[in-house]
Amino acid sequence: MSRLQNRFAELKAENRAALVTFVTAGDPDYATSLSILKGLPEAGADVIELGMPFTDPMADGPAIQLANIRALAGKQGMQQTLQMVREFRAGNQSTPLVLMGYYNPIFVYGVERFISDAKEAGVDGLIVVDLPPEHNDELCEPAQSAGLDFIRLTTPTTDDDRLPTVLAGSSGFVYYVSVAGVTGAGAATLDHVEEAVARLRRHTDLPVCIGFGIRTPEHAAEVAKRAEGAVVGSALIDKIAEAKSPQQAIDGVLGLCRELAEGVRGARR
């Protein structure tokens with residue numbers, strides 16, 4: 001059983017959803033980012049998505065675009081990101097960690113080398129937003145052969161004809177992008193979320209995690225009543241952008257994470 005399967009099985013037994021947190025590796029700098037990463041599980045993150053910095057994050061809104069700029073300014077490349085995972089894993093063997101981003105940095109690093117190094121570092125899965133299922137043989141299949149989960153994104157515009165293609169080969173969980181647009185955009189209505197989850201469950205037994213637009217503990221709780229996971233990224237990254245010091249960034253992110261975790265954990269009581 002993979003770490004992701006294990007975590008979602010534990011949460012199902014506890015009758016609660018996962019809090020899935022997204023931060024960009026190296027934002028605002030390596031040391032601060034590593035401190036945030038190490039602190040997230042204790043602050044209540046059940047699954048961590050770690051962004052791989054890229055110069056052209058086209059699916060991301062202003063908050064995550066700026067996070068990428070800050071990380072790249074600090075010379076955060078793929079090697080540094082994988083080293084960060086190794087350092088995280090040295091103290092945490094249980095929290096699933098998924099690398100999220102775009103295909104270009106993986107391609108430049110070398111696909112075989114990336115899969116091997118990611119697995120060795122302790123990565124559990126991948127979300128590659130710009131690699132469609134028609135290209136499964138390029139990364140999805142080799143990654144899964146190596147024991148990495150490959151998590152697909154579905155959107156409000158993914159119709160019933162397209163869904164089986166998107167979900168074929170998916171593992172770990174399904175990431176439902178609840179708003180058509182860029183990350184950090186407005187939140188979806190709860191009725192829409194409910195309908196989307198019901199539709200996805202007709203096509204897959206994988207846990208469904210909802211992302212894009214969740215900013216408050218209250219909203220995270222409402223999503224957690226309806227899906228297996230609530231994904232929060234831009235709201236956490238805003239805390240880094242607003243911080244006047246590294247310690248303030250750490251405290252801001254972990255403080256909000258605790259509040260979100262409280263919302264998610266109390267949702268089904």
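Easy rule for this one: first residue shown is 1, then count along the chain.
Cβ coordinates are placed from backbone N, Cα and C, and glycine is handled just like the others.
As recorded in Swiss-Prot, the features of this protein are as follows:
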- Glu49: active site, proton acceptor (ACT_SITE)
- Asp60: active site, proton acceptor (ACT_SITE)
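Straight-line distance linking the Cα atoms of Asp60 (active site, proton acceptor) and Glu49 (active site, proton acceptor), rounded to a whole number, equals 14 Å. Secondary structure at Asp60 (active site, proton acceptor), as computed by DSSP, is coil. Just so you know, the Cβ of Glu49 (active site, proton acceptor) picks up 25 other Cβ atoms within 10 Å once every protein chain is counted.
Cβ neighbour count for Asp60 (active site, proton acceptor): 24 (other Cβ atoms within 10 Å of its Cβ, all protein chains included). In the three-state DSSP scheme, Glu49 (active site, proton acceptor) is classed as strand.
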